Amino acid sequence: MATFARMVKGQVRYYSAPLDMAIPASKQKYIPASGTYPKGFSVSGTHVGVKASNTRFPDLALISSETPCSAAAVFTTNKFQAAPVQASKNTLKATQGEGIRSVVINSGCANAVTGKGGLEDAVSMGAKVDECNGLAQPSTLVMSTGVIGQRLPISKILDKIPTAHSTLSSTHDSWLTTARAICTTDTFPKLLSQTFTLPSSPNRTYRLAGMTKGAGMIHPNMATLLGVLCTDAPIASSALQPLLKHAVSRSFNSISVDGDTSTNDTIAILANGAAGGAPITSTSSADYTAMQNVLTSFAQSLSQLVVRDGEGATKFVTVRVQNSPDYESARLIASTIARSPLVKTALYGKDANWGRILCAIGYTQGVAEGTVVPERTSVSFKPVDGSAELKLLVNGEPEQVDEDRAAVILQEEDLEIVVDLGGGEKGEKGLGGEEAIYWFCDFSHEYVTINGDYRT
């Protein structure tokens with residue numbers, strides 16, 4: 001098939017990154033009309049033609065700082081780690097997360113399972129950016145996304161990197177174009193930005209921006225896709241890594257589209273300190289706590305855009321597991337529900353089949369003993385309109401479900417599933433108040449069609 005995009009019941013799914021995406025009307029609201037971007041960072045999106053079928057759309061993204069950055073990243077746990085993952089890990093290890101200047105990303109080819117030659121290609125991409133920055137030492141992180149098992153057209157990419165560097169810009173349009181350049185089957189670019197303050201400098205404004213991509217092969221086991229976060233706050237790399245790890249565990253590590261973990265998953269953050277102020281160096285400082293809250297909330301909002309763009313998805317579902325003795329057990333239960341094909345297909349079919357949710361809770365592996373007790377487990381649907389929860393199961397006893405109300409709730413795009421492991425208010429029956437939240441989407445006919453045609 002020679003066409004660049006495939007239409008699936010109104011969803012245009014691109015297999016490289018189009019500049020003039022036919023974004024579905026329902027997704028237009030997620031595209032920012034403006035932004036507040038961190039000082040000292042500039043970006044570009046450039047056409048290379050990584051895939052032969054892409055004759056004009058940007059598929060090479062470059063994010064660069066005028067000054068050296070502290071950097072941190074989290075990577076996929078898939079055993080078949082892609083060449084760019086290996087290259088970026090090596091760069092961070094060699095630099096100890098200091099002095100990083102850029103991130104370069106191509107879409108259209110994952111450069112995964114490509115052997116020694118693939119690793120050399122990834123290293124050469126970073127080296128070419130370093131050359132453009134006038135640097136001899138490795139200072140660029142590399143990411144790739146696309147089809148696994150194919151070599152990059154590396155000569156074409158290396159030839160275009162100087163163009164990408166010469167067109168770096170800090171405008172909103174440039175940030176949006178760059179976010180578009182990393183898309184594959186995404187139906188819209190995923191870009192957010194915000195301002196914040198820190199306790200030590202209450203009158204100083206800091207900025208945080210981030211872009212991510214992903215719509216399929218999304219289920220975390222340390223990261224879930226590609227993402228780059230940039231801030232002009234001063235943060236030492238020793239503090240940046242735990243900040244990112246915490247944020248990812250409660251955001252990109254808490255989403256699922258289809259239960260698959262990619263070979264290329266990488267989330268990176270760069271902090272250049274361009275806004276000034278006292279550097280965050282201690283994990284026990286007030287600034288660190290404030291930054292942790294800002295970064296985690298921001299990462300949650302950014303990661304949720306991936307779920308909202310899940311391949312073939314018609315629903316955005318929050319599953320909240322509460323009244324657990326520990327966070328990890330609650331997270332495992334939420335994760336199991338989120339990746340259950342039976343739960344996901346029931347939601348697509350607008351079927352209030354709570355038995356499938358209960359089944360997923362019951363077979364969850366790795367939870368602390370005594371966490372799941374049928375006689376104190378409750379399940380309910382929580383409507384987005386703020387009305388009362390629809391109770392499905394209370395203390396292990398099924399409720400007489402109002403099917404008409406259930407149908408109304410399930411008709412909505414957004415839905416929350418609440419699982420209470422204590423059967424009542426937090427803290428009852430000797431349990432703690434630990435809670436975990438996961439975000440996921442449903443499974444539809446379109447998901448099968450999209451992925452059945454992925455390489456065509």
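Note: Cβ is positioned from N, Cα and C throughout, glycine not excepted.
If you look up Swiss-Prot, you'll see Thr224 marked as active site, nucleophile, on the strength of sequence analysis.
Residues annotated as substrate binding site in Swiss-Prot: Thr184, Lys213, Thr224, Glu311, Asn451, Thr456. Secondary structure at Lys213 (substrate binding site), taken from DSSP and collapsed to helix, strand or coil, is strand. Of all Cβ atoms in the protein chains displayed, 27 besides its own lie within 10 Å of the Cβ of Lys213 (substrate binding site).
DSSP assigns Thr184 (substrate binding site) to coil in the three-state reduction, outside any helix or strand.
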